[in-house]
Amino acid sequence: MESRNQTLISEFLLLGLPIESKQQNLFYVLFLLMYLTTFLGNLVIIILIFLDSHLHTPMYLFLSNLSFSDLCFSSVTIPKLLQNMQSQDSSIPYAGCLAQMYFFLLFADLESFLLVAMAYDRYVAICFPLHYTTIMSPQLCLSLVALSWGLTMFISLLHTLLMARLSFCMGNVIPHFFCDMSALLRLACSDIQINEMVIFILGGLVIIVPFLLIFTSYVRIVSSILKVPSARGIRKAFSTCGSHLSVVSLFYGTIIGLYLCPSADNSTVKEIVMAVMYTMVTPMLNPFIYSLRNRDMKGALGRVFSKRIIHFALGQ
Ligand SMILES: *[C@@H]1O[C@H](CO)[C@@H](O)[C@H](O)[C@H]1NC(C)=O
């Protein structure tokens, strides 16, 4: 494509959400409350798991990592959105935009890989309960977490570098509330074939492969329960896998809704609504899914707090 007026873009404008200005304040308060809930909810989980030694098991260490990832993921987009809604100045510098894209991909992919590690942990717990502690050794857990970080850092760096080589000449207005990769690609006037190919291949690696691995581990879990069906076994499986399965359904439900549902005529609005769903709602719900229905977490909350209160009361 000819690019005559190839000017270097120094900043982008984020159009934000398609909200009428009358309702701007209402949504501002709503998003602020959701962000604070996400931040505090996930922070409480990380602190509880750190402080309570009963929770130093692979499942809770992975959960703590997941909460960290959720906390960072929502902090990549929401504070900037809130700032833009408040200040009416919606610009973001070019480097800031690429940084936002990098961290957005980093924590989204990290969540996907951590869900696989957690599914594997549940699979071992149900199918090999007697060898659980030897299989899920601290070394293996650490390796799984390190592998997740390594892969996700490589993938998001690759996407970001490929984006950085593009020149943008279709204006600098992004019809979204953060620097979304596909919204940015629509503004590019260079050849984006490589970008699209990498998105296609790595997208498969990050979405389809984890999905298949999680699916396989649940097929194994269900078949091992059905081999010796007992009310106790089923209850145990539900109580240990229920939370993970809920989080997985929420994660993939949003992705499926985004990519597989027939696109309405107003696809930008649909994309933005789905983006609100996965940047705000999913990270907010994860801590509640894990803590509300979980006896260990409630016990830890009691232990950690009563210990602190006693220390405080004795003046230690
Ligand atoms: C993440 O998981 C690893 C391995 O289990 C653990 O050592 C580490 O403390 C966890 N990190 C956080 C922030 O929870």
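Backbone N, Cα and C atoms are what each Cβ position is placed from, and that goes for glycine too.
Unlike curated entries, TrEMBL annotations are predicted automatically.
Quick look at what TrEMBL annotates:
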DOMAIN    41-290  domain 'G-protein coupled receptors family 1 profile'
TRANSMEM  26-51  transmembrane segment
TRANSMEM  98-120  transmembrane segment
TRANSMEM  140-162  transmembrane segment
TRANSMEM  197-216  transmembrane segment
TRANSMEM  237-260  transmembrane segment
TRANSMEM  272-292  transmembrane segment
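98-120 is the stretch from 26-51, 98-120, 140-162, 197-216 with the greatest number of Cβ pairs below 8 Å to the transmembrane segment (237-260). Recorded stretches compared: 26-51, 98-120, 197-216; the one with the most Cβ pairs under 8 Å to the transmembrane segment (272-292) is 26-51. Note on the transmembrane segment (197-216): residues 109, 112-113, 115-116, 119-120, 155, 158-159, 162, 181, 248, 252, 255 of its chain, located 6 or more positions outside it, place their CB under 8 angstroms from a CB of the stretch. Same-chain residues lying 6+ beyond the ends of the transmembrane segment (98-120) with a Cβ under 8 Å from its Cβ atoms: 59, 62-63, 65-66, 69-70, 72-73, 76-77, 80, 92, 141, 144-145, 147-149, 151-153, 155-157, 159-160, 163-164, 178-181, 184, 206-207, 210, 213-214, 217-218, 244, 247-248, 251, 278. Residues 17, 19, 60-61, 63-64, 67-68, 70-71, 74-75, 78-79, 81-82, 85-86, 280-281, 283-284, 286-288, 290-291, 297, 300-301, 304 of the same chain sit 6 or more residues outside the transmembrane segment (26-51) yet have a Cβ under 8 Å from a Cβ within it. Model confidence over the domain 'G-protein coupled receptors family 1 profile' (41-290) stands at 89, taken as the mean pLDDT rounded to a whole number.
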